[in-house]
Structures are given as structure tokens and as C-alpha cells.
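Peer 1: Handing you this structure, nothing more for now.
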Amino acid sequence: MSLRDLDGWTVLFDLDGTLVDSAPDLVGTLNRLLVEEGLPPARPEAARTLIGSGARALLAHGFEAAGADVERARSDALFERFLVDYTAHIADGSRAFEGVVETLERLAERGAVLAVATNKRSDLSELLLDRLDLRRHFLAVAGPDRVSARKPSGAHLKEAVAMAGGDPARAIMVGDAAPDAEAARDADMPCVLTTFGYTPVPVDTLGGDVLIDAFEDVEEAIDGILAEFYVRRALKA
Ligand SMILES: O=C(O)COP(=O)(O)O
Ligand SMILES: [Mg+2]
């Protein structure tokens, strides 16, 4: 099968749980703060499912699950401490999932524009991408602070595509959790979901168009989505 070129297409990637297995350091920071506060640390397998709506949500849910009252769990002072600790440990154990670099290179060689659409703050996202030498692959990094509304709003995805100079009608979202699938639906974009990311509910209930068990399968998933796109367009013509 000859591969179609991807000129004119933008592929958006979620960061945590899609490009990078960042749970060890996010949960590491959460647990250091819990222990400092005299609370029990979270089980990593449970805490990782809380990732996907930003650090503030992880912190608040993690603290509430450990028995802290809501006011303490949501205080700005605690969030500031989270940021200081996480910034210092952001790439201690976090690594790109297997196949990420090769796959991003292949997509770029085929003409796709690549960008990141994440609920992780832009400064932290860029720091993490820099530390793992991944930033060079992306034309734009859209954290929630750079868009008018964060995922699950479709505005996050449309504005990320625009930041990369692309067309939202020719864009595909790749993510791992409900905010990604909902944002894609809201933006009317096809959505690929990883089965190795972080979600509290089964990933096959989220309504993604294609599920992938390995990052390298992104390319085949995109080819399938494009094939359908062009068949539909030909039928309309
Ligand atoms: O940091 C988070 O909780 C979310 O980040 P993500 O949108 O890249 O999954
Ligand atoms: Mg994610």
C-alpha cells in the first residue's frame, strides 16, 4: 500500500499518558506532599488515573482521597509547593513511551505538522519536553494557559491547531483520557486513544475512533482515519 502524504494535516498530541509516561514524577510529588502533611501516600496505580485534568486537579483529588478537607486540598499554598517540588523532579523517572521519537519523525517526514495540546501548564510542559529532548518535534505547545478554554473544550484543540498554523478541519487528536475524547468530539476532530495512558474509566468507553496499544500504531491509525476522510469526500463530490 502506498502511503498518502500528510501535507496539510495537523496531529495534536496530549502529553501525560500519551507522549510521556510522567506518572512516576507526578505521583512522586503528590506523595511527598501527602507524607509531609502527615497523610498516607496514594497507591501509584490509583493516583495515576487522576492525571489528565491538570496538576491542581491531581493534587486536590489526591489530597481529598487521603482524607484531607477540601479547603486544605485546594489551597493555593499547597499548589505552590506542588509546583516547586514537581519542577525539581519533573524528569527523574518520566520517559517518552516506546516508539515516540521514531513515530513523530515518520509523521513529520510524511508532511504532518505536530503540536501538543495538554492540560499541563505550558511552562511545565515545555520543561518536560526539553528535558526529554522531545520539544524539537512540535511547532506549538498549547497548555491550558495559552488557550481560551482547556480540554474537554474543543476550543483547546482548535486553538492549538491554529497556533501551529494548521486547519482544524484537517486535524487529528491523539490522547489517553476523557478530556481528550470529549474535546475532540467538541471540535469535530477524529480521535485516537492510547490504551497505556491514565484514565479512571475503561478507555474503550470514551468514544475514541481508534484505540492503540503501542505508540507506533499511531501512524496506522492516522492512515485509516485519512482513508475514511477521502472516501467520504469522494462520495460527496
Ligand atoms: O497534567 C495533567 O493532569 C494533564 O496532562 P495531559 O492533558 O497532557 O494528559
Ligand atoms: Mg493525558
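Here the Cβ of each residue, glycine as well, is placed from N, Cα and C on the backbone.
Annotated active site, nucleophile per TrEMBL: Asp14, in sequence order. Residues or ranges marked as Mg(2+) binding site by TrEMBL: Asp14, Asp16, Asp176.
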Peer 1: Once Asp14, Asp16, Asp176 are set aside, which residues in the chain still have Cβ within 8 Å of the Cβ centroid of the Mg(2+) site?
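Peer 2: Checked against the 8 Å cutoff, the neighbours are Leu15, Gly17, Thr18, Leu19, Ile51, Gly52, Thr118, Gly175, Ala177, Asp180, Thr194, Gly197, Tyr198.
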Peer 1: Measuring Cα to Cα, how far is the residue listed as 'active site, nucleophile' from Asp176 (Mg(2+) binding site) in Å?
Peer 2: 7
Peer 1: Residues with Cβ closer than 8 Å to the Cβ of Asp176 (Mg(2+) binding site), same chain and 6+ apart in sequence?
Peer 2: Asp14, Asp16, Gly17, Thr18, Gly52, Leu193, Thr194, Phe196, Gly197, Tyr198, Thr199, Val203
Peer 1: In the three-state scheme derived from DSSP, which category covers Asp16 (Mg(2+) binding site)?
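Peer 2: DSSP assigns Asp16 (Mg(2+) binding site) to strand.
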